[in-house]
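Annotated in TrEMBL:
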type: REGION; residues: 411-433; note: region 'Disordered'
type: TRANSMEM; residues: 30-49; note: transmembrane segment
type: TRANSMEM; residues: 61-82; note: transmembrane segment
type: TRANSMEM; residues: 137-158; note: transmembrane segment
type: TRANSMEM; residues: 223-251; note: transmembrane segment
type: TRANSMEM; residues: 263-281; note: transmembrane segment
type: TRANSMEM; residues: 293-312; note: transmembrane segment
type: TRANSMEM; residues: 318-340; note: transmembrane segment
type: TRANSMEM; residues: 352-374; note: transmembrane segment
type: TRANSMEM; residues: 380-403; note: transmembrane segment
Amino acid sequence: LAQSLFALFASSLAISLVFAIIPLCHNVVVLAVVMAVAGLAMGCIDTISNMQLVKIYQKDSAIFLQALHFFVGFGALLSPLIADPFLSDTNCILSNSTANASSNLPHIRKSLVPHHPGNLSHYDLPMKGMVVTRVSYAFWIMALINLPVPIAVFFLLYKERMVPCFNSSSHPLLSADELAMETRPAEKEDLSTAAQRPLAAGGHDDLFSCCQSKNFRGASYTYFAVHITGALVLFMTDGIVGEYSGFIYSYAVEEPLSVVHKVAGYLPSLFWGFITLGRLISIPVSYRMKPATMVFINVVGVLITFLLLLIFSYSVVFLFVGTASLGLFLSSTFPSMLAYTEDILQYKGCATTVLVTGAGIGEMVLQLLVGSIIHDKGSYSFLVCGMIFGGLAFTFYAFLLFFHRMYPKPSSDTDDASPDKPAVMDDTGQYQR
């Protein structure tokens, strides 16, 4: 737990520093390095926060994962609203020769549709002159908004007596959390021991122990198959989130829909808005419904929505309806799949790392793939790609259900070193290994 909290503290602090530095980068290589650091920090936060919620709350983790990912969607919806007042309505760089640049912008923007990239060379955009953009303020505001996060993590470290230089006299916060299944009663364990003891939900000694080969000895092939198929489902669904939010604007302004640019700009916001709404709805729903059922509804809903979008591809109204529907169905896929997979694998936390990595790779690769296909084949291929990805997600989920049925049932004589070792409940009601 101490390693995880220190990693969260360093990563969240790094994000504030990166956002403060971005406006000061005047070289694209420096900017690329800074953005890479931000990506590493966000990846650490994503993995550790999901993994620790699974290890602490175990069977109850589905609700907390839904809440976590609601705030992910809420942040994605809120951050453009913070940046919007600081975006320039005209060209960011003004020069004497381009005094009327603002009048050409709608025409230039229309040419930025990826279907005809060759037209870009016909328009001269000024690269030297007086910079008039105020977007730097947006980055600095975001850096300040994020700053309370590392402060809160440091406060948690302090309360848990994990900061070497400070000794708190108060009781640790997590030992009083009745929802944490790994917590022992305070009278049975000395507070100083409890502060130093990591949460060993899966019998791991440290943050990286799930990568050690000794934990894979005696594992059945279904153990690895569950990891792989779960990661492939999220590879497809998170990839759909990335490619749809990234290219729905380009698809809408192209023929045959030819939506007005300002109206088309609402589509990504609508998509993220319904993702956020869906995650909010999923918090109470996950209390009543099994994660496996929620994932099934999600992948089937995504497949049907893309099918209807293809059938009604000439309808602007249905494009908006389909975008909202797709956001709802994709909203709870990640946390539900995480809870379902960890439930199969007895809440060890290693599956979380595999699933988060698979989702991140999918979001990166499918955007690149769809962008190149739209460039070569036209905008209609955007929906065809989504349909294919949705079909693959459903197929991989069917394989996951099959491997779940084949996965060995927990038994009391399972080898302690085996990854298939289940969590058993003692007579005090506490989950132990």
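Cβ atoms are placed via backbone N, Cα and C, with glycine included.
The structure displayed is predicted, hence computed values, not measured ones.
Two recorded stretches are said to be in contact when at least 3 C-beta pairs lie under 8 angstroms, sequence spacing 6 or more; the transmembrane segment (30-49) and the transmembrane segment (223-251) fall short of this definition. Counting only same-chain residues 6+ beyond the ends of the transmembrane segment (263-281), those with a CB under 8 A from a CB of the stretch are 66, 69-70, 72-74, 76-77, 80, 241, 244-245, 248-249, 252-253, 319-320, 323-332, 335.
With pairs at least 6 apart in sequence, the transmembrane segment (223-251) and the transmembrane segment (352-374) have 3 or more Cβ pairs within the 8 Å limit; the two touch. When Cβ-Cβ distances below 8 Å are used as the criterion, the transmembrane segment (61-82) is approached by residues 49-50, 53-54, 138, 141-142, 145, 269, 272-273, 275-276, 278-280, 282-283, 286-287, 291, 331-332, 334-336, 338-339, 342, 347 of the same chain, each at least six residues removed from its ends.
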